[in-house]
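Asker: Shown below is the structure under consideration.
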Amino acid sequence: MEFECQVSTEVSKNLVDCVDNSFGQQGKPNQFNSKLEAENLGISEQTSDSYTEKEKIALSKPTLTKKPNSDSCGSKQFLSSDVVLNSRRSITDLPPALLSEILNFLDPKELGMVSCVSTYLCRLASEHHVWKDFYCERWGNSTVPTSLGSGVSDEMSWKEFFVEREFRSKTFMGRYSIDVMYGHNEAVLTVFLLASAKLIFTAGYDQTVKMWNMEEGLLIASSRSLGCTIRAVAGDTKLLVAGGTDGFIQCWRAVEGFPHLFDIKGPQNQNTEFRLWEHEGPITSLALDLTRIYSGSWDMTVRVWDRLSLKCVKVLRHSDWVWALVPHDLTVASTSGSDVCIWDTSSGRLMTIIHSAHVGNTYSLARNNTGDFLFTGGEDGAIHMYEITSHGLETNALLVATWVPHSGCVYSLAFEFPWLVSASADGKLALIDVRKLLRTRKHDSGKRFSCVKLVDRSSMEPPQRMLHGFGKNLMSVGIGADRIVCGGDEGVVRIWNFTEALEIERRVCALKAIRLENRMRRRKLHLENSSKGSRNDQCSVAAKKNPVTGDRSGWHSKRALSGKLKS
């Protein structure tokens, strides 16, 4: 095939300049860039003076290109210095805003891998705002988290907060200690862990609500007798609510300046303590958000209360007893016998219903912070995971996974990413890690959300851990702040404390870092010794070849021979 120079002299010079600089001028890295900048500025007449002798020889040779057709020669004049310049660019040459938008589509693992490429990408990926989205999606905090305990600085970035929380989530597979708290005279039916205030609230058949110190496991206060069994407790840092079998909701407001937020043991004070009446049956479940109170009852209703006016604003009627509920945003999921319903609380519309979710009653519900996943536990000892999807006015619940870790009823579920904890009548707790089932995506609107991976439900992994040691029913469970709290028919409250595992894991990581540093130091010394050894070997080889030092056929041998002849 015939080749000849068909392009213009200027293009040929540009291509020769590019090829010659990329292969022959590694000792002069800035020369090619200065020429390209000059060409971009239009100073083409000065480039010929700055060529080296090697470049002038290369310019004198024709550039070999494939011979084009005569009618298409003019259309192939696109080769220029701009093309050469663009071919040498990388992703870091993109505008920071565009690069930030690209990084916004990555998940935490991919973003961490990108940060290992270069210092520029490390800084850009570490300071990216998406780490706050990741943290809020998993743990639901829109402000700087305060439940991470000691050793966490307020000056940490959101990436560091995320990494710290991920690190802490691994401790539930480590060593633990059990604290047993005595104070109730009868069975404990409900426990509530307020991790942000380091408080635990419990209640049961003895008709009292008790407040415990989470760190020390000591009883702080006990309410007076409320006159009936308390089956549900919920709260935040401003309001504490408890539901009784007489159909009322007992409420305590937080007292400003009070060391433990709520004064539950003092005499009745109308400014801080009140009751809500409208249910006609025992209250079995309670929940709070920023503006509303949710209550479920055996009167087959879920009532939505306004926290400001303390009035019932919506009544959601079911066809069977309501055992559990869990709200999210403007929706609330509730159980009705064996069915699970999802409601729109603003309009009272039933969005979707899961018929016969369990064989027998569905006793417990849990939901992740984004509301995309719903967990159910029932009388058949099974635990189901559903993905909730919405398309306009249509809402669907897709069964994702099923576990059957218990031989008795699953009375309670609690979720803190990535751990789902269940309490059962068989006296066991099951810990299930759902991290492998999830992945992060992004809506067209820009909102991030989690979705499930395609998995085979028949090959689902069993729970990662089972906690044993109980002979009676476990009625309620809570998780948070490296602890699992549980109560049951024994009338005691148990705390599984995994902070010891956290400290052990920190020491292990520190030892690994020391070992890695020592290994790198030994490797460096080994390389230095190897280089010295190679130089010594080279010297010895040179000595063997050198007749002055190593060759016996050299002058010293002849001198010895001449000495023998003289003798």
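Yeah, the Cβs are placed from backbone N, Cα and C, and that goes for glycine too.
Per TrEMBL, the feature compositional bias 'Polar residues' maps to 528-539. Taken from TrEMBL, the feature compositional bias 'Basic residues' applies to 555-567. Per TrEMBL, domain 'F-box' is recorded for 88-134. Per TrEMBL, the feature region 'Disordered' maps to 526-567. Feature annotation from TrEMBL assigns repeat 'WD' to 181-222, 276-306, 355-390.
Tell me what's around each of these sites.
Answerer: Within the repeat 'WD' (181-222), the DSSP-based counts of helix, strand and coil residues read 3 helix, 23 strand, 16 coil.
Remote same-chain partners of the repeat 'WD' (276-306), defined as residues 6 or more beyond its termini with a Cβ less than 8 Å from a stretch Cβ, comprise 229, 231-236, 239, 241-249, 251, 312-327, 332, 334, 336, 343, 345.
Taking H, G and I as helix, E and B as strand and the rest as coil, DSSP gives the repeat 'WD' (355-390) the counts 0 helix, 20 strand, 16 coil.
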Asker: For the repeat 'WD' (355-390), what are the same-chain contacts with Cβ under 8 Å, counting residues 6+ beyond its ends?
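Answerer: Tertiary neighbours of the repeat 'WD' (355-390) are 136-140, 321, 323-326, 328-329, 331, 333-335, 337-340, 342, 396-415, 417, 420, 422, 424, 426, 430, 432, 434, 437-438, 449-452.
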Asker: Which whole-number mean pLDDT does the model give the repeat 'WD' (181-222)?
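Answerer: Mean per-residue confidence for the repeat 'WD' (181-222): 94 out of 100.
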